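Report on the structure given below.
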(Lines of atoms letter the chains of each structure in order from A and count residues from 1; the text may use other names and numbers.)
(Lines give C-alpha, C1' and ligand atoms only; values in the text may rest on other atoms or scores of the structure.)
Protein backbone atom coordinates (compact mmCIF):
# COMPACT_ATOMS: atom_id res chain seq x y z
CA UNK A 1 0.00 0.00 0.00
CA UNK A 2 1.39 3.41 -0.93
CA UNK A 3 1.42 6.27 1.54
CA UNK A 4 -1.22 8.95 1.19
CA UNK A 5 -0.55 12.55 0.23
CA UNK A 6 -0.91 15.61 2.44
CA UNK A 7 -2.78 18.62 1.03
CA UNK A 8 -2.11 21.80 3.00
CA UNK A 9 -4.76 24.44 2.20
CA UNK A 10 -3.65 28.02 2.80
CA UNK A 11 -4.92 31.50 2.03
CA UNK A 12 -5.84 34.71 3.75
CA UNK A 13 -8.60 34.77 6.32
CA UNK A 14 -11.76 35.47 4.32
CA UNK A 15 -10.57 33.75 1.14
CA UNK A 16 -13.18 31.04 1.60
CA UNK A 17 -10.97 28.16 2.77
CA UNK A 18 -13.59 26.87 5.22
CA UNK A 19 -16.38 26.99 2.63
CA UNK A 20 -14.15 25.36 0.03
CA UNK A 21 -13.12 22.57 2.38
CA UNK A 22 -16.73 22.02 3.47
CA UNK A 23 -17.67 21.72 -0.23
CA UNK A 24 -14.89 19.20 -0.81
CA UNK A 25 -15.79 17.22 2.31
CA UNK A 26 -19.43 16.96 1.19
CA UNK A 27 -18.57 16.02 -2.41
CA UNK A 28 -16.03 13.38 -1.36
CA UNK A 29 -17.98 12.04 1.63
CA UNK A 30 -18.16 8.52 0.19
CA UNK A 31 -14.48 8.33 -0.75
CA UNK A 32 -12.52 6.49 1.96
CA UNK A 33 -9.26 7.57 0.33
CA UNK A 34 -9.69 11.26 1.22
CA UNK A 35 -9.82 12.46 4.83
CA UNK A 36 -10.35 16.06 5.97
CA UNK A 37 -8.50 16.74 9.23
CA UNK A 38 -10.09 18.88 11.92
CA UNK A 39 -8.04 21.62 13.53
CA UNK A 40 -7.82 22.05 17.29
CA UNK A 41 -8.17 25.77 18.03
CA UNK A 42 -8.31 27.92 21.16
CA UNK A 43 -11.48 29.55 19.83
CA UNK A 44 -15.14 28.72 20.48
CA UNK A 45 -17.08 27.00 17.71
CA UNK A 46 -19.21 29.35 15.58
CA UNK A 47 -22.44 28.35 13.88
CA UNK A 48 -21.25 29.13 10.34
CA UNK A 49 -17.50 28.97 10.96
CA UNK A 50 -14.92 26.27 10.60
CA UNK A 51 -15.77 22.78 11.83
CA UNK A 52 -13.02 22.57 14.45
CA UNK A 53 -12.38 21.17 17.93
CA UNK A 54 -12.48 24.03 20.45
CA UNK A 55 -9.88 23.82 23.24
CA UNK A 56 -9.08 26.02 26.21
CA UNK A 57 -5.49 27.22 26.61
CA UNK A 58 -4.96 24.58 29.31
CA UNK A 59 -6.34 21.80 27.11
CA UNK A 60 -4.11 22.93 24.24
CA UNK A 61 -1.04 23.01 26.53
CA UNK A 62 -1.81 19.50 27.81
CA UNK A 63 -2.13 18.06 24.29
CA UNK A 64 1.03 19.84 23.18
CA UNK A 65 2.97 18.57 26.22
CA UNK A 66 1.96 14.98 25.51
CA UNK A 67 2.89 15.19 21.83
CA UNK A 68 -0.61 14.85 20.43
CA UNK A 69 -0.11 17.40 17.64
CA UNK A 70 1.60 16.60 14.35
CA UNK A 71 1.65 20.33 13.54
CA UNK A 72 0.90 23.40 15.64
CA UNK A 73 1.25 27.18 15.36
CA UNK A 74 0.07 30.50 16.79
CA UNK A 75 -1.65 33.15 14.70
CA UNK A 76 -3.68 36.28 15.46
CA UNK A 77 -3.81 35.53 19.17
CA UNK A 78 -5.07 31.96 18.72
CA UNK A 79 -3.35 28.58 18.83
CA UNK A 80 -3.90 25.91 16.20
CA UNK A 81 -3.05 22.22 16.19
CA UNK A 82 -3.39 19.29 13.81
CA UNK A 83 -3.67 15.94 15.56
CA UNK A 84 -1.13 13.16 15.13
CA UNK A 85 -3.91 10.99 13.72
CA UNK A 86 -2.99 12.38 10.29
CA UNK A 87 0.18 10.24 10.40
CA UNK A 88 -1.92 7.09 10.77
CA UNK A 89 -4.22 8.16 7.94
CA UNK A 90 -1.26 8.88 5.65
CA UNK A 91 0.35 5.53 6.55
CA UNK A 92 -2.94 3.78 5.69
CA UNK A 93 -2.82 5.35 2.21
CA UNK A 94 -5.39 8.10 2.74
CA UNK A 95 -4.95 11.52 1.22
CA UNK A 96 -5.27 14.05 4.04
CA UNK A 97 -6.56 17.60 3.55
CA UNK A 98 -5.97 20.22 6.22
CA UNK A 99 -6.47 23.93 6.75
CA UNK A 100 -2.95 25.26 7.33
CA UNK A 101 -1.11 28.51 7.89
CA UNK A 102 0.84 30.43 5.27
CA UNK A 103 3.49 31.41 7.81
CA UNK A 104 3.87 27.84 9.07
CA UNK A 105 4.17 26.31 5.58
CA UNK A 106 8.01 26.05 5.62
CA UNK A 107 7.88 24.05 8.88
CA UNK A 108 5.04 21.88 7.55
CA UNK A 109 7.12 21.16 4.42
CA UNK A 110 10.10 20.25 6.62
CA UNK A 111 7.97 17.71 8.50
CA UNK A 112 6.08 16.47 5.43
CA UNK A 113 8.38 17.01 2.41
CA UNK A 114 5.88 15.61 -0.10
CA UNK A 115 2.99 17.87 0.86
CA UNK A 116 1.12 19.82 -1.76
CA UNK A 117 0.20 23.36 -0.77
CA UNK A 118 -3.10 24.66 -2.14
CA UNK A 119 -3.33 28.45 -2.12
CA UNK A 120 -6.89 29.81 -2.09
CA UNK A 121 -6.74 33.24 -3.70
CA UNK A 122 -9.26 36.07 -3.94
CA UNK A 123 -9.02 39.66 -5.13
CA UNK A 124 -8.39 42.32 -2.45
CA UNK A 125 -11.89 43.72 -3.02
CA UNK A 126 -13.61 40.37 -2.50
CA UNK A 127 -11.44 39.67 0.53
CA UNK A 128 -12.38 42.97 2.19
CA UNK A 129 -16.06 42.40 1.38
CA UNK A 130 -16.04 38.92 2.92
CA UNK A 131 -14.21 40.07 6.05
CA UNK A 132 -16.77 42.86 6.56
CA UNK A 133 -19.64 40.40 6.06
CA UNK A 134 -18.46 38.02 8.76
CA UNK A 135 -18.20 40.88 11.25
CA UNK A 136 -15.23 39.67 13.34
CA UNK A 137 -12.70 42.37 12.37
CA UNK A 138 -12.59 46.15 12.63
CA UNK A 139 -11.95 48.24 9.50
CA UNK A 140 -8.33 48.66 10.61
CA UNK A 141 -7.92 44.89 11.01
CA UNK A 142 -9.52 44.34 7.60
CA UNK A 143 -7.08 46.79 5.99
CA UNK A 144 -4.13 45.01 7.62
CA UNK A 145 -5.37 41.58 6.53
CA UNK A 146 -5.86 42.74 2.93
CA UNK A 147 -2.36 44.28 2.91
CA UNK A 148 -0.87 41.09 4.35
CA UNK A 149 -2.62 38.99 1.69
CA UNK A 150 -1.13 41.19 -1.06
CA UNK A 151 2.37 40.76 0.37
CA UNK A 152 2.24 36.97 0.54
CA UNK A 153 4.88 35.50 -1.73
CA UNK A 154 4.33 32.14 -3.37
CA UNK A 155 6.36 29.59 -1.46
CA UNK A 156 8.89 27.19 -2.88
CA UNK A 157 7.80 23.66 -3.61
CA UNK A 158 4.62 22.25 -5.11
CA UNK A 159 1.80 24.78 -5.08
CA UNK A 160 -1.64 24.62 -6.61
CA UNK A 161 -3.65 27.85 -6.82
CA UNK A 162 -7.44 27.97 -6.66
CA UNK A 163 -9.13 31.27 -7.48
CA UNK A 164 -12.18 31.65 -5.25
CA UNK A 165 -13.69 34.96 -6.45
CA UNK A 166 -16.63 33.39 -8.28
CA UNK A 167 -19.33 30.95 -7.23
CA UNK A 168 -18.22 28.42 -4.64
CA UNK A 169 -18.94 25.40 -6.85
CA UNK A 170 -16.34 26.57 -9.41
CA UNK A 171 -13.48 26.63 -6.90
CA UNK A 172 -14.99 23.65 -5.08
CA UNK A 173 -14.90 21.48 -8.18
CA UNK A 174 -11.27 22.50 -8.75
CA UNK A 175 -10.42 21.27 -5.23
CA UNK A 176 -12.36 18.04 -5.77
CA UNK A 177 -10.51 17.49 -9.06
CA UNK A 178 -7.09 17.99 -7.40
CA UNK A 179 -7.92 15.51 -4.66
CA UNK A 180 -9.54 13.02 -7.04
CA UNK A 181 -6.59 13.14 -9.45
CA UNK A 182 -4.19 12.48 -6.58
CA UNK A 183 -6.32 9.57 -5.40
CA UNK A 184 -6.48 8.09 -8.91
CA UNK A 185 -2.72 8.40 -9.46
CA UNK A 186 -2.07 6.80 -6.07
CA UNK A 187 -4.29 3.82 -6.99
CA UNK A 188 -2.54 3.49 -10.36
CA UNK A 189 0.84 3.01 -8.67
CA UNK A 190 -0.35 0.80 -5.81
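For all residues, glycine too, the Cβ spot is worked out from N, Cα and C.
Taken from Swiss-Prot, the feature ATP binding site covers 11, 12, 13, 14, 15, 16, 17, 18, and the record attributes it to sequence analysis.
Positions of Swiss-Prot features highlighted on the structure.
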residue : record           : Cβ contacts under 8 Å, 6 or more apart
11      : ATP binding site : 17, 102, 119, 120, 121, 122, 164
12      : ATP binding site : 102, 122, 127, 145, 146, 148, 149, 152
13      : ATP binding site : 76, 131, 145
14      : ATP binding site : 122, 127, 128, 130, 131, 134, 145
15      : ATP binding site : 120, 121, 122, 127, 130, 149, 164
16      : ATP binding site : 120, 122, 130, 164, 168, 171
- Out of these binding-site residues, 17, 18, which one has the fewest other C-beta atoms within 10 Å of its own C-beta? 18
- Message: Using the CB centroid of 11, 12, 13, 14, 15, 16, 17, 18 as the ATP site centre, which other residues of the same chain sit with their CB within 8 A?
- Response: 120, 122, 127, 130, 164
- So, in DSSP terms, is residue 17 (ATP binding site) helix, strand, or coil? helix
